[in-house]
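Chemist: Have a look at the structure that comes next, please.
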Amino acid sequence: MHPGDVAPHAYAPSDDAPGHLLTSGTSADVYAIDDERVLRRYREGRDAAPEVDLLRHVRSHDFPAPDVLRAGGPDIVMTRMHGPTLLQALAAGEFSLPDAAHVLADLHAMLHAVPAPQSWQVPRDRDWPQLGGGPVVVHLDLHPGNVVLTEQGPMLVDWANAATGTPELDVAVTAVLIAEVAVDAGGDYSQAARAVVAAFLHASDVSPLTALDDAVALRSGAPGLLPGERELVPQAGALVRTMLALTERR
Ligand SMILES: Nc1ncnc2c1ncn2[C@@H]1O[C@H](COP(=O)(O)OP(=O)(O)OP(=O)(O)O)[C@@H](O)[C@H]1O
Ligand SMILES: [Mg+2]
């Protein structure tokens with residue numbers, strides 16, 4: 001860099017070892033800095049600023065999620081949540097399927113009580129998910145692997161897809177995500193996932209029917225899906241549609 005050049009980000013990730021690697025997800029690595037803090041860092045250098053804005057906004061409305069302590073470029077330093085994910089607790093048999101469905105439905109209801117911030121706009125460089133906006137904050141990846149069960153209660157992490165939108169779309173995306181596991185006939189968790197989708201639809205206070213096609217389109221375009229996984233998405237949508245028809249006939 002030459003004197004007078006403008007730095008690409010106001011914040012440059014430090015070169016110090018950030019701590020020990022807790023997990024490596026599809027797009028980001030999460031490091032434990034210490035007992036209180038983690039660093040989530042996008043591997044491809046994506047700018048975390050839009051999700052940080054939404055995360056700070058939902059925290060200001062007391063939604064259960066980590067506090068952002070520092071952020072810049074691809075990095076977010078946030079409070080460390082202690083506890084298993086809801087997915088780990090389900091796999092260990094420490095949580096019942098209906099209770100898990102209620103946790104997911106409650107998080108949706110709490111989140112959708114948070115109005116969309118006036119100033120927030122879909123980042124121009126974000127090619128997925130593309131959405132038209134809406135009246136509330138939506139997470140669009142609210143599944144058991146993104147819920148950490150802490151002593152203070154369930155907390156929602158992984159705000160990578162967060163946007164403004166409608167409750168129906170967010171609920172539909174969760175239903176389709178879990179239904180993808182249900183329609184994977186050879187999968188270990190197929191039966192359990194089916195039960196969670198049914199209980200989740202029952203526990204949700206909005207019907208996702210009007211947003212189901214959008215949710216299927218959104219999931220079909222998700223980056224990182226293997227071809228076999230992508231094929232499950234329309235089947236998952238069909239399963240949710242069938243379950244909704246059964247629920248609504250009652
Ligand atoms: N604030 C936090 N405190 C403790 N653990 C966290 C925190 N944020 C994330 N994690 C852990 O790291 C995991 C991965 O984080 P996250 O889901 O944000 O990354 P990702 O790359 O989007 O992952 P994936 O692609 O698997 O969804 C979470 O499932 C959770 O176990
Ligand atoms: Mg995640």
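Glycine too: its Cβ is placed from the backbone N, Cα and C atoms.
These came from TrEMBL, pasted as-is:
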- 126-177: domain 'Aminoglycoside phosphotransferase' (DOMAIN)
Chemist: Taking helix as H, G and I and strand as E and B in DSSP, count the residues of the domain 'Aminoglycoside phosphotransferase' (126-177) in helix, strand and coil.
Modeler: 14 helix, 14 strand, 24 coil
Chemist: Calculate the per-residue pLDDT averaged over the domain 'Aminoglycoside phosphotransferase' (126-177) and state the result as an integer.
Modeler: 92
